[in-house]
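Going by Swiss-Prot, these are the annotated features:
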type    : residues                               : note
BINDING : Asp28, Asp30, Asp34, Glu39             : Ca(2+) 1 binding site
BINDING : Asp64, Asp66, Ser68, Thr70, Glu75      : Ca(2+) 2 binding site
BINDING : Asp104, Asn106, Asp108, Tyr110, Glu115 : Ca(2+) 3 binding site
BINDING : Asp140, Asn142, Asp144, Arg146, Glu151 : Ca(2+) 4 binding site
DOMAIN  : 15-50                                  : domain 'EF-hand 1'
DOMAIN  : 51-86                                  : domain 'EF-hand 2'
DOMAIN  : 91-126                                 : domain 'EF-hand 3'
DOMAIN  : 127-160                                : domain 'EF-hand 4'
MOD_RES : Thr2                                   : N-acetylthreonine
Amino acid sequence: MTDQQAEARSYLSEEMIAEFKAAFDMFDADGGGDISVKELGTVMRMLGQTPTKEELDAIIEEVDEDGSGTIDFEEFLVMMVRQMKEDAKGKSEEELAECFRIFDRNADGYIDAEELAEIFRASGEHVTEEEIESLMKDGDKNNDGRIDFDEFLKMMEGVQ
């Protein structure tokens, strides 16, 4: 077992591994311990993942190192964990986009110092003008006096 495979197993509960194994085995028709790359998309969709054709091609290219056209169960686990992490990252970015829209009171695509102060006041948090200025300075990477969505994402990376 490679380090990647051991890491993938440590990320998953025994229940998840058993669920993945059951799905994997359904497509391992001959019981040989591997599935064809063509069947991979079907298995992933059964397990609640939604890879695009491009993502599947990239995943398969990474996983099927020997070019055999088949993927064994350990390689499959590594791939599923990668996909789960990607999905989680996408969801958290969607949630942050929703927060940004809420904070951007005037819907101009930016959060300014006044909007930032309002956020804290609404949450009952007492924040001084200096603290607001400091937060703006830290978040406003291009020094235009306001925080755009990309700057907001970078700011929030440090919080999570």
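Glycine residues also receive a Cβ, built from the backbone N, Cα and C atoms like all the rest.
Between the listed binding-site residues, namely Thr70, Asn142, the fewest other CB atoms within 10 angstroms of a CB are found at Asn142.
Same-chain residues lying 6 or more positions outside the domain 'EF-hand 2' (51-86) and placing a CB less than 8 Å from one of its CB atoms are 1-2, 4-5, 7-9, 11-12, 17, 20-21, 24, 33-37, 40-41, 43-45. Per Cα geometry, Glu39 is the residue among the binding-site residues Asp30, Asp34, Glu39, Asp66 nearest to Asn106 (Ca(2+) 3 binding site). When the binding-site residues Ser68, Thr70, Glu75, Tyr110 are compared by Cα distance to Thr2 (N-acetylthreonine), the shortest distance belongs to Glu75. Residue counts of the domain 'EF-hand 3' (91-126) by helix, strand and coil are 23 helix, 1 strand, 12 coil (DSSP-based). Sequence-ordered, the extra residues of this chain that approach the Ca(2+) 4 site, with Cβ no more than 8 Å from the Cβ center of Asp140, Asn142, Asp144, Arg146, Glu151, are Tyr110, Gly139, Lys141, Asn143, Gly145, Ile147, Asp148. There are 20 other Cβ atoms within 10 Å of the Cβ belonging to Asp28 (Ca(2+) 1 binding site).
When the C-alpha distances from Asp28 (Ca(2+) 1 binding site) to the binding-site residues Asp66, Asp108, Asp144, Glu151 are tabulated, the minimum falls on Asp66.
Those residues of the chain, other than Asp28, Asp30, Asp34, Glu39, with a C-beta within 8 angstroms of the mean position of the Ca(2+) 1 site C-beta atoms are Phe27, Ala29, Gly31, Gly32, Gly33, Ile35, Ser36, Thr70. According to DSSP, Ser68 (Ca(2+) 2 binding site) is assigned to coil rather than to any helix or strand. Ranking the binding-site residues Asp30, Asp66, Glu115 by the number of CB atoms within 10 A of their own CB puts Glu115 at the top.
Neighbouring residues of the recorded Ca(2+) 3 site, listed in sequence order and excluding Asp104, Asn106, Asp108, Tyr110, Glu115, comprise Phe103, Arg105, Ala107, Gly109, Ile111, Asp112, Arg146 (Cβ within 8 Å of the Cβ centroid).
When the binding-site residues Ser68, Asn142, Arg146 are screened for a C-alpha within 10 angstroms of the C-alpha of Tyr110 (Ca(2+) 3 binding site), the residues that qualify, in sequence order, are Arg146.
Comparing C-alpha positions, Glu115 (Ca(2+) 3 binding site) sits nearest to Arg146 among the binding-site residues Asp30, Asp140, Arg146.
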